[in-house]
C-alpha cells in the first residue's frame, strides 16, 4: 500500500514540475518576442526620407510642367510610367552636325536628393562620340562637380545637344575617338554619321 501511495504522490509532482517548466519556458520566451519588435525607429528614418521625396517630387513635377509647355529645341522628356523619378528623353541629332537625322534615347534618373544632387543621365542609343562611352555615360561637367540646384533638366538637355554639336576632345571618355577627332577629322565624321545611320535611325 505504501508503495502505491508513493506512486500516486509522485505522479502529480512530476506533472506539476513539467507544468512549471512549461510556464518558465513561456516566460523566458516573452523577451525574445519583444526583441523582435524594435523596428519602430524606422518610422523616424522613413519620415525623413518621405520629406526628401516630397521636396524632390515637387521640384521634378514643376520641371515636368515646364518642359512639357516649353521643351528645349529638338528635345523631349517625361516619366517612363508612374515613377516620377525615372524619365525617358529623346534628342534629335542637331541640324548640321554629324548626328543630324538621328533619334537618340536617354534615361534620366533623379535621386531623392534632387536638386541638390545631379540627375543621372545616360544614352540608351549607341553614339560615336568622344565624350559618351559604350555604356552611355556622358562626360559633362554639370552632371558632376559643376552641378548646381539652380540647373534644370531642360538646361542639362541643352548642354547635351551642345556637346553633340561641339565635342570636347580635351576631356574625353573614349580616348581613341578623341585622338581621331583631332588627327583625322574626316574619318571621325564619317564614322559618326555611319553609327548615326546604323543605330539612331
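Positions of Cβ are set from backbone N, Cα and C atoms, glycine also.
Source: prediction; values computed, not measured.
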Per Swiss-Prot, the range holding region 'Disordered', considering 1-55, 56-110: 1-55
Secondary-structure category, per DSSP, in which residue 139 (active site, glycyl thioester intermediate) falls: coil
Cβ-Cβ distance under 8 Å to residue 139 (active site, glycyl thioester intermediate), same chain, at least six residues away: 131, 132, 168, 171, 172, 173
